[in-house]
Structure formats: C-alpha cells, structure tokens
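Asker: Below: one structure in structure tokens.
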Amino acid sequence: MVKEEQEESSNRPDNTAFTQQRLPAWQPILSASIVIPMFLLIGAAFIGVGVALFITSRDIQLQELDYTGDDSEHPCFKCRTNTEKCTCSMTFSIPTLFKGPVFFYYGLTNYFQNQRKYGASKDDNQLYGDLNYFTSPSTDCDPYTRDSKNMPIVPCGALANSMFNDTFTLSHTVNGVQKIVPLDGKGIAWWTDYNIKYRNPSITPLINAFNGTKKPTNWPKPIYELDTTDVYNNGFINQDFLVWMRRAALPDFRKLYRRITHDDYAAGLPAGNYTLTIAYNYPVHSFNGKKKVVLSNVSWMGGKNDFLGIAYIVVGSMCVVMSVVMLIVYARFKFAEDV
Amino acid sequence: MTWRSPLALVRDALQGQRARERELRSLVSNLPYEGQEKGKQPNRFFLSNAIKTTKYSLLLFLPMNLYEQFHRLANLYFVGLAILNFIPVVNAFQPEVALIPICVIMLLTALKDGWEDFRRYQSDRKVNNTPCFVYSRREKQYVERRWKDVRVGDFVRVVSNEIVPADLLLLYSSDPNGVCHLETANLDGETNLKQRIVVSGLGAANLGFEPESFNSTVVCERPNSNLNHFKCFVEKPDKDKVGASIESLLLRGCTVRNTNHAVGFVVYAGHETKAMLNNNGSRYKRSKLEQKLNVDVFFCLILLFAMCLIGAFGHYLWLESLPGVPSFLVPDSNGHLDVPSLESFYMFFTMIILLQILIPISLYVSIELVKVGQIFFITNDIDLYDEETDSRVQCRALNITEDLGQIEYVFSDKTGTLTENKMVFRRCSVMGTEYPHKENAIRLDVIDEPESEEEVIFNQHQQLPRSRWSLEAEDISPPDTQRHGRRRKSKVAANAHSDAAFSSPLETEVIPDQKLLQQISRAESSGGRRDGNRSFDPHLDFFLALAICNTVVVSAENAHRQRVSLQSRSNSPLQNIRKCQGLFRKFSVKECTSPQSSQMRNPLETFSSLVKKAGAFFQRDKRNRTLSEDPVIDSAKTEDEADANRLRTCSLHAPSQNGSTIVEAEELCYEAESPDEAALVYAARAYGFILLARTPDSVTVRLPSGEDLVFEVLDTLTFDSNRKRMSVLVRHPVTKDYVLYTKGADYSIMELLGTPYAENFSGTEKNIAADTQYHLDCYAKEGLRTLCITKKVVSESTCQSWLGERKRAQAAMECREELIMQTAVQLETNLTLLGATGIEDRLQEKVPDTIVALREAGIHVWVLTGDKPETAVNIGYACRLLEEEDLVINMSCKNKVTCTAILDCTLEEVRRYRDDPRNAGTTQNISLVIDGNTLDMAKSPDLQERFVELTKHCRSVLCCRVTPLQKSAVVKLVREKLKVMTLAVGDGANDVNMIQAADVGIGISGQEGMQAVMASDFAISRFKHLKKLVLVHGHWCYTRLANMIIYFFYKNVAYVNLLFWYQFFCGFTATTMIDYWLMIFFNLFFTSTPPIMFGIFDKDVSVEVLQGVPELYRTGQGKGEYNFLTFWIAILDAFYQSLVCFFIPYLAYQDSDVDLFTFGTPLNTAALFTILLHLGIEIKSWTLVHWIIMLGSVALYFIVTLAYTATCVTCNPPSNPYWILQNQMADPMFYLIVTLCTVVALLPRYTFHVLKNSVAPSPLLQGRQLDRMDPSTRDQWIKEWRG
C-alpha cells in the first residue's frame, strides 16, 4: 500500500537480446539447395551401409535343426510325449566348411519369456547370494516360493523353475567314426551376469548354503549340482542358468548353448556329416512351441539377419528417388527464395 | 476474558450475523466503553480492521491445498490411476514408482501456491502493522496504534500524505472550509485530488474536534463495493438528522493531501471497507485453445480406452490359444489360474496403467510454465513500454496469452482509447457568432511537429519583417536551439506527469481569438462604466460560465503533491512551459498584427508554407477534409480583413492585459475530474477569467479587469449520464442575482432552452439557437466534442423553495438518487443559450496505423462511442476506420419498421454484390455506422440474426451514442452469434462491462482511472501498443502454444505406442521392454524441457515481418494452426513413427538371442532421437538456448541412463537393467538400428515439409523468407506482395 518513490524509468524493461527475443538464431528453411544434396548424401551413405550389411549377413552361415518331433517320421517324435528320459539323434551334413567360431544355440518358439508375471517371478537378492532370502524368498516368486512342505525353494520363482533342460552332443562322422565335437560352455553368459549380478553365497562347500531349502519343483537336480565338475560354473553362476535367466525379448528366440572353439574345430566345422544327439526333456506341446538347434557363425553385426541390410538399401534408394523428385519439383515450382 | 457459556457464544454469533446483514447499521462511539470487556462493546459485531487475504493457514495448508488441487480434473485422473496401481490384481509396476509423477506435479503446484500465499501473508502483515493515530479516552489524546487495532466506532486522525486506514466519516478537517483533499489513485487510479467535506451541522467544526463529545449515532448502509456511493446519516441526541454521502467518506487506501490533519469516525473496517470489497484478485479465464485441448484430451481418452480394450481382448485370445498350461504362465500365490475372461478383465486395468501417459497430464503443467515464460517476454517488451507513464504492459490474466493470436473482432472505445483524452480547446461560438481560434489551431499544429520542424518555423520567423513585435521577441530568440531543447524536455516532463494535473502546455495554453478578445474588452470597458449592468453582457457571461460551471479544484503549485513539486525542483518544467508559452503568445500576436496582409490574410496558408517540409500538417489537413472547406472559417476569413485595424489595437492591449494577471495565475494548478472541464477552465483563463479558488461554498473568479469576484455556490448539480449536463447555482456577488449556469451535451440542452437571449439584444436579434446549432454541427463534422453553455437567472423565491426541496432529497435514505435527479431536472428548464464550445480530443499517436494494421490482419474493428454520429464518423475517417472508397452504410432509424426495412435492403444488396460473379475477385469494403437507438432495435431477438449477418460482411462498424450497457451487449451478441474471438479495448469506467464481456479485455491505463485496467486481462498504456501486442505477441503466443500442444500429444502417443506394439509380442501381458524408471524419466526429464522451450522461445516470423505484413495474423484466426486436422495428423504421425521405431528393431533382432532390455534400449533411444528431432523439424529458429536444451536433453538421457544402468544391480527388483546400455553402446548394431529408425520415422514429415514449402508455401513460410532478405529488399517485396 505504501507507495515508494521510484527511480526514473525504473520500470523500463531491460533492452537485452534475450528479453527482447532478438537472440541470434539459425532459421533453417527447407529449400532445394539444402535438401537435394542432403537427400543424395543420406541415400548414398545408406546404400553403402546397406550393401555392407547385406554382404556381411549373406556370408554368415546358418544351420537350423528343428527337433520338436511333431512329424511322426522325425527321430524325436517318440520323445514328444515321453515323460521319461528320452534321447534322440538327428543327422545332418555340412556341405562346405562352416567357418568358426561356430555358435551353438538352442531355440524355442512361442515361448513367452517376456510374460510380465513370469519375468517378475524371481528373487534378485536371493540370486545375488544373500542368504537371508534363502530361507524367506520374496513373495514375487509366488507360487514357486515354497514347496508343498513349506520349504523355501532356491532359486525360487517361475523363471528359474522353467529352466530349459535339454542337452546336446554333436559328433562329426569322420571316416565312418563318430567323433565328438567339443563344446565350450564358458563365456556364453554376460560378463556382468556372471561376475556381478549373480553370486553364490560365500560358503564352501556350496551345498551347505542350501541347507533347509528345496530345489525348484521342475528341476531334476538342485542348483548346486548343475555342474559338479567346475566350481566356477555351479550354483547361481552356472552359465546355462544365467543364459536362461536373461529373458528373451520375443516369443521366438534362441539362446546360446555352447561355442565350438576347440581342437580341430577352432577354425570351423569341416564339411561332412554330423550327428546331433538330444537328451529330450523340455515339454513344448503345452504352448504349441517348437524346439530347434541353430549352428551359426557370427560377424561384427551379430547373427544372420538380412533385414537391416535390405532396409538400409531400400531407404537409401528412396532418398535418392526423393532427391530426384525434389529436383523435378524444384524445376517445376522453383523455391521462393530463388525467385 | 471471563468464561461464557457456549449458548451465549452462539447467541452472540447469531446476533453478530444479524447485525452485519441488516440494511442499516447504527454505530456509536467506542470511547465511553473504552477498556471494557468485549461483550460490552457496542460495535463488537462488526469486522475489525485487520485483513487477511491469505488462502491458507499454516496448519491447514496441506489439506486445503490438496483439496484445491483435486478440483482439477486432470489431477483426479492421475490419482485415480495411482490408486489403481495399489489394487493387487492389476498392478503392473511398483505402485510407489507410479506415484512419483503425480507427487512431483502436485508438489510443484503446492510450492507455487504456498509461495504466493506467503507473499500475501507478508503484505497483509505489513499493512496490518502500519501505525495510525486513534483517540484514547484514557490518555485524552490520539495515541499510536496499528491498523489492525482500529475498530468500527473509533476516532482516527490522519495527517497529510498519510494513508487512510479504514473507511472514515470525515468529522473534522484542519482546513478552515472543512475540506479534506484526498488522492484516490491507490483505489481507482484517478490522480486528481478529490474534495471531501466534513459532515456539516455537527457543531463548531473550526474550533477543533473533541471526540469525547461526540454522542451522535451514525446510521449507515450495509457495506458495498461502490466507490462512488455511500448513504449515511448522523442522528444527533436531539433526533436531528444530518445526511452524509460519499462526499464525507475517506476511503481506506487513499492518501490525504493538502490537508494538515483530519479526524474521522470509522464506519467500515477491514474487509468491509470499500477498498477491500473492490479487491477481488485476478480472474481465471479459460482460453479457447484450452477448451479445444480438452476435447482432444477426451479423444485421447477414447483412444486409450480402445487400446486397452484391444489389449484385454488380445490377452483373452492369447490365453485361449494356449493348448495347455505352459511353464511361463504363472498362477496366483495359491497356485490357482483364473479363467481367461477374468484374466483379461484384470488386464484391461493393467493396460490403463501401462498406457496412462497417453493422456498428457504433464501437458497442463507445461502449458502453465510456457505461459509464465510468454508473459515474461510480453511484459519485458521494450516496444510496449511507455516512456511517459513509465509503465509496461501488464498481463493480469495469466492464461489467455494465446487468445491474443486468434482475435477476429476488436471492439474499441473512442475517447481515451483512440484519442488522447487530452482535451484541447479549439473553437467556440458565442451568441451565434463563431470564433475559429485560428492562432490556437496553428499553435497546436506546431506543437505536433517534431523538433526539426520547430526549428524551421522559428528560423522563418526571424526573417519576417521587423515590426515592433518581432523586435520585442528578439530578446528571447537568440539561443534558439537551446530553447527548443528545453522546450522539448519540458514537454516530456510535463507529459510524464500530465496524469497528475493535466498540465501539459498542449492543454493549458490557449491563444485567444483576437476578435473575441476584442469583443470582451469592449464589453469589459463599457461594463466598467456601468458597473451594475456588466454581467449582462453575454460574452462575459459565457466565460464566467466556463470558469464557474465545473468541479475543477484549484491548488496552488507550491502546495501540490510531492511528486510534482519534486519534479519542478529538479528541472522546473513549469518554468519552461511558462517561458515558451510567453513566446507563443508574443509570436501569435505578432503574427496577426503583421502589416503584410497579403501574407497574413490566410494564416493557414502562411503556416503551411512555413512548415512545408513537415508534411504532417498537410496530411492532417487532408484527413480533416471538412476543415478546409469549413464555411465557418471561410466566413471568418473575410471578416478578418475588415477587422485588421481593430485587431492591432486589441493585440496591443491583450498581452499587457493578460500579463499582469497571468504571472499570479500561473501559480495555479487545476485539477479536474474530466479533462473537458479543465480545457474549458484554461480557455476561460486565456480570456482573463481566471478561476482562483473553489470551496464547496464559493468560487472565486478574477475578471479580465483584475477584479476578484467571489460567487456564493448554492448548489452543484453534478453530471450524470442520464441528464448529460451539469449545473452550478451561484449567487452573483455584485448583482445579487441567483444564476444557474448549465453546460451539457447539445441535444440535452437544446430542448431545455427557453426564450432566446433577446432582451438585451433587441437590435441584433437573431435566432441564436439555430446559428449555434449550425456551428455545433460544423464542430461535430470536424470531430470536435461539443458542449452548450447556458445561463438561467432564478428568482429568489423559486431558488429558496428549490433549495429546501433539494435538501430534503439529499437527506432521504430511500431512492435518494431519483429524488436528487428530479430536483435537478426541475431546475434545469427554460435555459438561455450563451454559446457552445468545440473541444478537440486529439487522436493518439499511430492510431490510424494501428487500425489499418488490424484491418489488414483480417480483424473486424468496431468502434463504440457515446459521441454524436457526426463526430464519430469524422474521427472514424481520421483514424482510418472508414476509408474514402468504402461503402458506408448509415443506419439511423426512428422506429423498428424502418430499421427492419433498411436491414433487409442492405443485406440483400450486400448479398447480391457478393454473389455477382463479376465481383468475384474484388472485395468491397463495407462499413456500417449505426446509432444507439437503432442498435437497440437491431439487437432485438427477431432482427439480431440479420444484423449479425450484415455486420459479418462489414469490415468496420461504428456505433455512436451507445451506453456502457449497450457496448457489452454488442460484444456479447457478436461473440455468441458468430462464435468468434473478440477483444475489447477501453480506458474508462464505461468500458468495464465491455471489457469483461469480451474474450480478451484490454484496458488502457490512461487518464480516466484504473477501473478499466482492473477489469482487463491486459493493460497497455497506448492504443498503438495493441498492434504489437496482438499482431506479434498474439501470433507468437498462439503459434508457439498451438504447436507445443500438438507436439505434446504427438510425443505421448508416439512413446506409448511403442509399449502398445510390444504387447502383441508378449501375449498382451503389459510387459515393458524399458525399465520403469527410465520410462518415467523419459517423460519427466528427457523430453519435457524441449517442448517447453519451444513454447516459450520459438519464433516463426520476425517482429518486422509480422508488423509489416499483418496479413500473416490471419493464420491464427478461426481454427488456426491447432485444429482437428493438425491434431489427427500429429496422432497419425505418432502412430507411424512408433511403428517404425518398434518394428525396425523388431525385425533386426528377430530370431536372435536378444534379451528384453537389450531389445528395449535401442527402441528407447530411437524414440528419444525421433521425438527430439521431430521437434527439431518444427523449431523455426534455433538460438543458443535451443541448442543447449536439445543437446542437453540428449546428454541427460545418456548420462542418466548410463549412470542408472551402471549402479542398479538389484535396486529395482523385477527389472534389472544392469549394464544394458553400456553393452549396447559397444555394439555397432545399436547405432545402425537407431539411425535407421530415426531417419525412416522422420522422413515422411521432413519430405512433406519440404514439398509443401516448395509446391504450396504457406504465408508464414513466405514471411520467414522475407526475414532472410535485407531490409530494403524486404520492404520492396512487401509492397509488391501487397500490390
């Protein structure tokens, strides 16, 4: 209410470029001189990248073997409904050298590892080796927290419980003799998973840590017996377990099973006949799924995928076409700035 | 305080309630009860003087603020969602995380509200603790108290320059006349001093005032907000009643001036004071854009609903299609699986939670922030700053900036809005003879010229033949340039404070017409011999009437308010004014006495040759076409010559005659409520009739002879808009006659005339009324404001009886106004016409320019004025509202039948013209002139459709003689019938209705007080500011906000759809492939600032082009840039872009071992780049701020995501984003995918823009191209474009 005597012109706004909205500005107008070369440039670059991607992808060799056994002629058909341990084998031939290192994947289709509740059904703290969560796992794992005798399950949850448990052996027929191809199970999981996210409790022997807990109901053996030969591949840091626990993004997925990097096969799989022997355990008929084995070598861009290369080429071509269209438009209408 | 039963408390409360509600309140002095407990206090029921304008209290802040916030629908929606999160069967994310956004938004709002409230609290406390003096019986003197301690019934003493703490009934003033001067600027902005009079008849006012002896009862009405009205009477112990009105009320918040001290009785305190009742904060207006926005939010809601339904249905189908129970299907904790239909029902709600950001809640917060920014820039615009009043544009409504960009109709007041409202006396007609005041006209033209032109004139003047007058002028002239500088300075300085005293030389200085001066001196000299008869000369009477018949207050310069006196001390503008005014006087005198009659015959010509370079003079002349053809002037011209001899003698006489008096009179300051009155008083002063003093009871006038006459004022019949006139009843000190001087609008006076003024003019008897009417019409054509001056001699008996009646009317409590009005009408009959005056209200600077610009911008301009049609039409031409080549339809009919006929006829004509194929290319500019009566008829329900239809075709409409109510009715009619955006601009109290009725109300803070400004949404100081405010800021605000909102919708839809497409690949289970935190951050931090910056800073077209090519404004009108089409295009684009951003990574990662978040990361990154670069395409000008914010957003995304994925190992249980981005960034595929997604997503929009720019460039684009040219080419271009 009290009126203060004010300096003369105290109310005058500051005359700065900012307050007067006169900041120097770049005002691009999309015009021919910019757009046509730009489109051409992008087009050329994209076509270049696309061709490189396409060639790389084309060079990648891929061998897929469906072993679901839906077809009654299929050697694994017998195992399809068999709940007991069942083994089947398939033969295939590789016509030319399959360049190494060869990656050995197993694949599932129509399996929704990305289902929301399924993905949440685990206990990260338990998997981090926190013993407190061994005896009382998180309720996230329900109903796979405790077994019927109310014993806590370790590792709990649907994700762990549903771990893929088919096993494979690959043998090369050399001069009529089956020669086992050595499969390397190390380094198939993420380094961070193996070293940071998952940890075994620091109790030796490992089995003692699991006193008073139960194995997941679907598992044939407890987690501390996943790989009894290698203490660094056992328990929560078992590489197969880690691979499974990293949820696939899409319902049709493959997961790395082994790499072929040893002995004679370090340079790749030579041409010839091979036999794949499958210990068929994992049921897929409940979700109309398929199981397969994929042999592939990888490049800098990962596995075989023609899409990206084609897409780059198409988009690049479109850009070139657009620049031509622009040129026509330019000739026809002229850009206002050049009038 | 002693204990009282609750029952008594309730009873007391009820009693208080009743006391406050009662129509009349009886108040008695508190003094006899001083020191007694509260229950005994007689006035305890009325509010105390402490005020509290805060909304919240400390304790209740949280609940009250939450309550307020939940009134907003958007917040409610968000809270509903948060609650949904806590329902176990549907929860998709951790509920706590879902609460973060709403909490952040509500916290921000609460902080803002709290801060505002705290500011109010601080100001309240400051006001409440201001000291004041209240009488205490115990101490037998006035003691210092706080404002908050003042109660109704107290006696408060206020001293000069102090602010009145409560509404006081004035009981005593140190002024011997019982007057207290009050400055009400704080209340209504009117800076002139108002007089308040001590309630009369309460004993010896002059002997000091003893509060203890005050034993009367004050009966007053219930508090109301009317500042100019107060009804009250004081009942003395002897039951004698004395009436009191607003004239005796000191209002809270006003400042006492020129009065040593005064004592008042508190009648209203605190919130019941008129000031507080008038203080009702800023209003909330909803902008049109926001209304449209809400519709689109509703569309989004439908979209959301549809998507959730698809999700739920898809989930059902997915569950049904599973042949068994696979291991990835997780039963509930009991190991039980729900049936698919129930599962999918739950899924519907889960989907709502997942896709909730489709409804852009943050949009509302962002819009508020953007508007704050926009307002910052509007108020900081230096072009909208007015030097003279030192004021910026004020934005009073904070949320309708964008409405300024969509205006289609502008309704403008005339006086004070288009014109200066600085009244300048131009010409007058006395007894049927016209006195054109040519010299004065020349002076005014000179004053208009810029400095350089003045130079020319003065140089020229030295070359004139050296008569004795020019010789005399010499002593002033040598340092010519220096004087100009001073004069200019003084002009500015005077203008700067002109609101205070109307003291600019423009208004105060009138150069007398020589012939009239001569006429007066003749009457004067003859009258001097016959003393008693003097006043009968009508010429003298005319000027006496000018000097007396007004409410102008005289204040001595030295006693003037601090502001002015400070100013005069620093660079003494008044002195300067006086000097140059002396110069003018001499100059003009010399001018007309020069023997070079061939040159001097037509002074207008002479001057136009002198100021040839100026050009403005000629323009002016052209504009006022009627001026040069004016028969009045022509006739005067011939007389001029004949009078040449006499002129010389008279002018010899004049300066000396004035000289003696003027020195003294110069010290006087006139303060008038209306500038017209001041102009008349100044005119009278120029002729030697100087108003020296005015008290409620008397007026002192100095006559040209130097004699001071004191007139006893018996009554003042103040001006009201019904009577359109005011009168003063005085008693002549010499003749002892009772004389009533009346002045008013010609149409209200002419019908009241009695016998012509013939008795003393038997020889030259002529029909004065007819002649005067003719002159009045000429004046009106010239655009002058006309007033008729009359006189009436009242016999003593009539006078006495009338005075008695008047007194009764004034004391009446019931329908006092009507009674007072009746008495006034009763007396104002049988008047004798003395003459008429023509006052010019000059157009404000750049008004024609602004109006033309508005018209070019496709805005229909309506001017609504109370003036006569002739005046209005002339002003209409002058301000280029009407043009020569326009077809002007004049509608003025007496009855409805003709009105209907004319309406039908014109409408038919207009339609025919429009439908005629020959006129396809041309547009006829039609303007309509309509008067108030016809307007009323046209507005009647059966005609209004046709009227509106007609006005739709009219480019401009001029409504004359309209009342404030009609003004607002017209605005409402157009607004509702045509569904257009309207803007009303006005400066006075009579425009308040109109301003409030329009979508955007603009007040001009001019001379007529602050009422218009108070009611307005924006307040500017000059009409010309409207151009930049509307054309530039309006356009900017609108395009910025419109584009930002469209972008906001797009952004949310695009992002949410990424999640939606993923549902098709996860069995519609509401899985996200992006970590929750990152998802929330995405909207809250990574992509929120760029659109806000876009809404505040983006500049599509520069100021110069927007002002140079007003047509660009049309892009915002009507549907504008934010419409159905642009909205849905944005939504479709969002769908397309999200499809690209989802399916390119999908196809690239198909059949690979990619995991969930590794898949989501390139999606998220591609979406970020797409969304930001999409904005990049839309941004029209990139300043440093743009670059920083855009690059900053990208950097923030990577830094936050990298930091988050590097630290969160088990921090956010179900999701586990550890080291994902790091891994991805080491993979070339990531970059290839992101690049491809971004390019493919933006290619169509980019191509579309490019093609459109070259094939069919929009006007705005052309405007931007103009920007790139250098200014000279640009001007050339604009010209060609126009052509």
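Positions of Cβ are set from backbone N, Cα and C atoms, glycine also.
Pasting the relevant annotations from TrEMBL:
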DOMAIN    B:42-97  domain 'P-type ATPase N-terminal'
TRANSMEM  B:73-91  transmembrane segment
TRANSMEM  B:97-115  transmembrane segment
TRANSMEM  B:293-318  transmembrane segment
TRANSMEM  B:345-367  transmembrane segment
BINDING   B:Asp413, B:Lys414, B:Thr415, B:Glu677, B:Phe719, B:Lys743, B:Arg785, B:Thr865, B:Gly866, B:Asp867, B:Arg961, B:Lys967, B:Asn990, B:Asp991  ATP binding site
ACT_SITE  B:Asp413  active site, 4-aspartylphosphate intermediate
DOMAIN    B:1013-1257  domain 'P-type ATPase C-terminal'
TRANSMEM  B:1062-1086  transmembrane segment
TRANSMEM  B:1124-1147  transmembrane segment
TRANSMEM  B:1159-1177  transmembrane segment
TRANSMEM  B:1184-1205  transmembrane segment
TRANSMEM  B:1225-1243  transmembrane segment
Asker: Would you mind listing, in sequence order, the residues at least six apart from B:Phe719 (ATP binding site) in the same chain with a Cβ closer than 8 Å to its Cβ?
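Answerer: Non-local contacts for B:Phe719 (ATP binding site): B:Ser674, B:Arg725, B:Met726, B:Gly744.
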Asker: Could you tell me how many residues in the domain 'P-type ATPase N-terminal' (B:42-97) are helical, how many are strand and how many are coil under DSSP?
Answerer: 29 helix, 0 strand, 27 coil
Asker: Would you mind pulling the DSSP three-state label for B:Asn990 (ATP binding site)?
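Answerer: DSSP assigns B:Asn990 (ATP binding site) to helix.
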Asker: In three-state terms from DSSP, label B:Asp413 (ATP binding site) for me.
Answerer: strand
Asker: Verify whether three or more Cβ pairs under 8 angstroms connect the transmembrane segment (B:1184-1205) with the transmembrane segment (B:97-115), leaving out any pair fewer than 6 apart in sequence.
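Answerer: Judged by the Cβ rule, the two regions do not touch, with the required three close pairs absent.
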Asker: Would you mind pulling the DSSP three-state label for B:Gly866 (ATP binding site)?
Answerer: coil
Asker: Can you give the largest Cα to Cα distance in Å, as a whole number, for the residues B:Asp413, B:Lys414, B:Thr415, B:Glu677, B:Phe719, B:Lys743, B:Arg785, B:Thr865, B:Gly866, B:Asp867, B:Arg961, B:Lys967, B:Asn990, B:Asp991 that bind ATP in the record?
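Answerer: Those residues reach a largest Cα separation of 26 Å.
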Asker: According to DSSP, which of helix, strand or coil covers B:Arg961 (ATP binding site)?
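Answerer: Where B:Arg961 (ATP binding site) sits, the three-state DSSP reduction gives coil.
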Asker: Sorted by position, what residues of the same chain at least six away from B:Gly866 (ATP binding site) have a C-beta under 8 A from it?
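Answerer: B:Thr415, B:Cys960, B:Arg961, B:Val962, B:Thr963, B:Asn990 - these are the non-local Cβ neighbours of B:Gly866 (ATP binding site), listed in sequence order.
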Asker: Go through the chain and flag residues at least 6 beyond the ends of the transmembrane segment (B:73-91) whose CB is under 8 A from any CB in it; none is fine as an answer.
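Answerer: Long-range Cβ neighbours of the transmembrane segment (B:73-91): 98-99, 101-102, 105-106, 346, 349-350, 352-353, 356, 359, 361, 364.
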Asker: By a Cβ-Cβ criterion of under 8 Å, what residues six or more beyond either terminus of the transmembrane segment (B:345-367) are in contact with it?
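Answerer: For the transmembrane segment (B:345-367), the list is 72, 74-75, 77-78, 81, 84-85, 87, 89-93, 98, 101-102, 105, 108-109, 290, 293, 297, 300-301, 303-304, 307-309, 311-312, 315-316, 338, 1041, 1044-1045, 1048-1049, 1051-1053, 1055-1056, 1059-1060, 1063, 1068-1070, 1072, 1083-1084, 1088, 1091-1092, 1095.
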Asker: Within the chain of B:Arg785 (ATP binding site), which residues six or more apart in sequence place their C-beta under 8 angstroms from its C-beta?
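Answerer: For B:Arg785 (ATP binding site), the qualifying residues are B:Met423, B:Asp676, B:Gly838, B:Ile839, B:Glu840, B:Asp841, B:Asp867, B:Thr871.
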Asker: Helix, strand or coil for B:Arg785 (ATP binding site)? Use DSSP.
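Answerer: It is in a strand.
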Asker: Using Cβ-Cβ distances, find the residues under 8 Å from B:Asp413 (ATP binding site) that belong to the same chain and are at least 6 apart in sequence, listing them in sequence order.
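Answerer: In sequence order, B:Val863, B:Leu864, B:Thr865, B:Lys967, B:Val985, B:Gly986, B:Asp987, B:Gly988, B:Asn990, B:Asp991, B:Met994 meet the Cβ cut-off.
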Asker: Out of B:Thr415, B:Asn990, which of these binding-site residues shows the lowest number of other CB atoms within 10 Å of its CB?
Answerer: B:Asn990
Asker: Using DSSP and collapsing to three states, where does B:Phe719 (ATP binding site) fall: helix, strand or coil?
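Answerer: SS state of B:Phe719 (ATP binding site) = strand.
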Asker: Among all the protein chains here, how many other CB atoms are within 10 A of the CB of B:Arg961 (ATP binding site)?
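Answerer: Neighbour count, Cβ to Cβ under the 10 Å cut-off: 22.
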